Amino acid sequence: MKHYTSINDIDNIHTWIEEAKALKENPLQGIELGKNKTLGLLFFNSSLRTRLSTQKAALNLGMNPIVMNVSGDAWGIEFGDGTVMNGSTAEHIKEAAAVISQYCDIIAVRAFPSLTDRALDESEYVLESFKKFASVPVISMESATGHPLQGLTDAITIAEHAKVSKPKVVLSWAPHVKALPHAVANSFTQAMRKMDVEFVIANPEGYNLNPVITGDTPIYHNQEDAFKDADFVYTKNWSSYEDYGLVDNIDPEWMITKEKIGEAKFMHCLPVRRNLVVEDAVLDSDSSLVIQQANNRTFAAQLVLKKILENL
Ligand code: CP
């Protein structure tokens, strides 16, 4: 594997989950693998978990991580081809990616979508430009349309906590006050469709995800129907895909409550807004797996780094 920018880069999710669990058992087993190798982490957007867990993963492999908040600290990067750079951008991605490739053996990038121009967002121009102009492997730390480190994490967490051989997993939309991306929901959907689970999605009318990603996954517009016999309820808000980036529904009836999820385990990628997305009674109970999920971010990232390092 050269790059890791999509759940589709996983050849066998079952094998990957077992490998990640083995890394978790003995996190320093590959401490020599990344010796004298540098991981560059480039953030165009905020992060807590991705930023820390990916550095931790690199350190567990003996790598040297270096971090840059690109939006705040670097020169404004131009991505357009042939642009007359007489505006706010000062450096072209062609030079920036080539230069960073001399300092780093692997580059990890976080770049969120605009949520105003669907075609531009779906072109994944930031991630694709790094892949095109960098001479080293590229990892997505969440792009416009996917969050594959999170999706792998979630698959590992479900495998660890499943009590039956084919659990029912529900991805449920929940209300939020801001327009949020589809990336986490997309990668979770892609991961679940590779797993041996009964997978369904619950969201209001007008909030169906990209049908190319959901495929034949059953979509409910009634949470109660979707949650029946659920083993896991994975919750995330996303803005409308059909009316791209629109937020015209913050219906509190879609908030996750203890009563609604019953015996199911609750999952969320974090950060989460309490008592808007999910009530305190869920997060503060044994039903919640959010802290265990966040812990698994390290081992998902470590597995991805390990596979890339083994291929350098
Ligand atoms: N889940 C996740 O990606 O968290 P951060 O945005 O804090 O990195």
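Along the chain as shown, the residues are counted starting at 1.
From the backbone N, Cα and C atoms, a Cβ is placed for every residue, glycine too.
Pulled from TrEMBL:
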- 2-160: domain 'Aspartate/ornithine carbamoyltransferase carbamoyl-P binding' (DOMAIN)
- S47, L48, R49, T50, W75, R110, H147, P148, L149, Q150, C269, L270, R297: carbamoyl phosphate binding site (BINDING)
- E142, H176, K236, R273: N(2)-succinyl-L-ornithine binding site (BINDING)
- 184-305: domain 'Aspartate/ornithine carbamoyltransferase Asp/Orn-binding' (DOMAIN)
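Note: the CA-CA distance between C269 (carbamoyl phosphate binding site) and K236 (N(2)-succinyl-L-ornithine binding site) rounds to 8 Å.
Taken in sequence order, the binding-site residues L149, H176, C269, R297 that lie near ligand 1, meaning a CB under 6 Å from one of its atoms, are C269. Its own atom aside, the Cβ of L149 (carbamoyl phosphate binding site) has 27 Cβ atoms within 10 angstroms in the protein chains shown. Taking S47, H147, L149 as the binding-site residues under consideration, the smallest Cα distance to K236 (N(2)-succinyl-L-ornithine binding site) is found for H147. Under the three-state DSSP scheme, R49 (carbamoyl phosphate binding site) falls in the helix class. In this structure the alpha carbons, written CA, of H176 (N(2)-succinyl-L-ornithine binding site) and S47 (carbamoyl phosphate binding site) are 18 Å apart. Each of the binding-site residues R49, K236, R273 was scored by the other Cβ atoms within 10 Å of its Cβ; the lowest score goes to R273.
When each of the binding-site residues H147, H176, R297 is scored by how many other Cβ atoms sit within 10 Å of its Cβ, H176 comes out lowest. Non-local contacts of W75 (carbamoyl phosphate binding site) by the CB criterion (under 8 A, 6+ apart in sequence, same chain) comprise T89, A90, E91, A96.
Per DSSP, the secondary structure of the domain 'Aspartate/ornithine carbamoyltransferase Asp/Orn-binding' (184-305) breaks down as 45 helix, 19 strand, 58 coil. Residues S47, L48, R49, T50, W75, R110, H147, P148, L149, Q150, C269, L270, R297 are the ones the record ties to carbamoyl phosphate, and the longest Cα gap between any two of them is 31 Å. For E142 (N(2)-succinyl-L-ornithine binding site) paired with S47 (carbamoyl phosphate binding site), the C-alpha to C-alpha distance reads 10 Å.
Rounded to a whole number, the C-alpha distance linking R273 (N(2)-succinyl-L-ornithine binding site) with R297 (carbamoyl phosphate binding site) is 20 angstrom. Confidence across the domain 'Aspartate/ornithine carbamoyltransferase Asp/Orn-binding' (184-305), taken as the mean pLDDT and rounded to a whole number, stands at 98.
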